Amino acid sequence: MLNPIVRKFQYGQHTVTLETGMMARQATAAVMVSMDDTAVFVTVVGQKKAKPGQDFFPLTVNYQERTYAAGRIPGSFFRREGRPSEGETLIARLIDRPVRPLFPEGFVNEVQVIATVVSVNPQVNPDIVAMIGASAALSLSGIPFNGPIGAARVGYINDQYVLNPTQDELKESKLDLVVAGTEAAVLMVESEAELLSEDTMLGAVVFGHEQQQVVIQAINDLVKEAGKPRWDWQPEAVNDALNARVAALAESRLSDAYRITDKQERYAQVDVIKSETIEQLIAEDETLDANELGEILHAIEKNVVRSRVLAGEPRIDGREKDMIRGLDVRTGVLPRTHGSALFTRGETQALVTATLGTARDAQVLDELMGERTDSFLFHYNFPPYSVGETGMVGSPKRREIGHGRLAKRGVLAVMPDMDKFPYTVRVVSEITESNGSSSMASVCGASLALMDAGVPIKAAVAGIAMGLVKEGDNYVVLSDILGDEDHLGDMDFKVAGSRDGISALQMDIKIEGITKEIMQVALNQAKGARLHILGVMEQAINAPRGDISEFAPRIHTIKISTDKIKDVIGKGGSVIRALTEETGTTIEIEDDGTVKIAATDGEKAKYAIRRIEEITAEIEVGRIYNGKVTRIVDFGAFVAIGGGKEGLVHISQIADKRVEKVTDYLQMGQEVPVKVLEVDRQGRVRLSIKEATEQSQPAAAPEAPASEQAE
């Protein structure tokens, strides 16, 4: 009854298996993909009919990790998986971006892709496996899809490209690049790098695209054997007469509107033209559909903008193809934050802050691939007012998570190592205005805010978004694209880096036929733009400030013996808790005996260091200490001698005469001088009041308050 069809192939150092026909037979298509022991089950369901009035393509991609895949039970209260994590959201976007452009224009049937990680090898990331699975399932489904696509991860180790490196290899790699594309063209690139050259990055893209051809071939072979018949779907016939009528009413007016340089004014004028045109046409013929008219008007808009660019005319806002919008760069704009900057590029603006915290503030991520700690946090917020709209405000959406991750990639390469700068750093970018490339504005603002905070970043970084308009062999690469140019163009190509190289590259291509030469032109043009922006940024601040903010915690580091760690922590954390409250500092102890004391007040930090040194000091036999009685028992008294240490004064060592009752001589809390007689192998301390008194004050009674004793 169950007749699975299986295809295996070698992919770099891994063996990939594609299997269909075994599970989820009621889905439109389902594939189990495994790479070594990492397995992802991917299903696709497509609706045969579109919803009435549907005017956009409702594609949903869900990626979900099951903890059983790693042999674990979820740690949440309900012991089951909850809403998608940030990592799951990012991988869902990674799957979505290369497949979305391959559905035909006009196809608006609902399609859902669900990728479930069911087994994981900690050395093999499931993201590439899930992308291959989505490509295979869509290709098998019969849904109109111009795939398949392949996907590959490329590393760069010892000046060599590595296909699908393991997690251990990635730690040694200067590059982590994911590339996806069809047999003929690259569609998507997502990467972070340690300031590599444009040629090295382009080489990685080409290498990954070449290597993934084996994936595409394997999927094609599977489709030949197990694929479903392609749906009999045809786009709606073009109504040439209606198109001509709409163009006659609106084309020249839209062309004039797209010469208005102010975004809000332009949008208002375009909306007026559209509504008046639709209103007039429906008045003439009530059978016309407003959605269809809207699509025709959108096509006219697109043609107006694109034809103007291809003809070499000025862009929407009057710029030439390689011009950058006006820049305004300010630092230290918020008085009490640790670091802040306001970066404005045309009608795109980011208010960026940097906050310093201790290692305790780092984020602990309990991921399927294992637990890790992240000491550099980057959060991107895109409120509705940034584009002059109203809307919901709440938890971050997929787009905000994706843009924040891209901006973080852009800055990560220049962040200092924790051993040199032992702070957790959080950067927050508030997009206050947006008209294209707000994620790259966040990179620029983050670099400025980090410098303002005194974070010793290795170099300043800046980001730029490039666009493309291509018709046949004629193409134009645009620098610093507007939102409209992104929406109406063929490519969104974001590059971040320093003067020395690229730290992040993200590319989304909406058409096939983007050649290596076009990517080379875009990278070189982006480099010129990046260097221009860095030049302007350096006029505002050209190096990290010499000291961190007075409002930031200063971290002081001392070293103690590892066998003294338990003394500083105390039973159940009692000593370190009391120290923290007493000194007003934050104290962290590492396994190697490194102690980090964080305080905004230098005197408090010095006091905390002194107290820790007291606690960890070795008890000297024969030395006299000032002590305080902490417990009284029948056979003597326990006396604390500082540093969390306590010793026993036997009843015979209280006075130079026979003592019948300890409480006749000592009271709780009384201060007394004590001499250390012995520290045994178990660390127990034997003390004497009698000898301390005889040595320092022979005639004094032991009840008298002890005075400070010299060594």
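Counting begins at 1 with the first residue displayed.
Just so it is clear, glycine is given a Cβ too, placed from its N, Cα and C backbone atoms.
In Swiss-Prot this protein carries:
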- Asp486, Asp492: Mg(2+) binding site (BINDING)
- 553-612: domain 'KH' (DOMAIN)
- 622-690: domain 'S1 motif' (DOMAIN)
- 690-711: region 'Disordered' (REGION)
- 694-711: compositional bias 'Low complexity' (COMPBIAS)
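Under the three-state DSSP scheme, Asp492 (Mg(2+) binding site) falls in the strand class. For the domain 'S1 motif' (622-690), the DSSP-based tally of helix, strand and coil residues reads 8 helix, 33 strand, 28 coil.
Across the domain 'KH' (553-612), DSSP classifies residues as 32 helix, 16 strand, 12 coil. Taken as a whole, the domain 'S1 motif' (622-690) shows an average pLDDT of 86 in this prediction. Under 8 Å, Cβ to Cβ, and six or more positions away along its own chain, Asp492 (Mg(2+) binding site) finds Ala465, Met466, Gly467, Ile481, Asp486, Gln506, Met507, Asp508. Other Cβ atoms within 10 Å of the Cβ of Asp486 (Mg(2+) binding site) number 17 in total over all chains. For the recorded site, Asp486 (Mg(2+) binding site), the DSSP three-state label reads helix.
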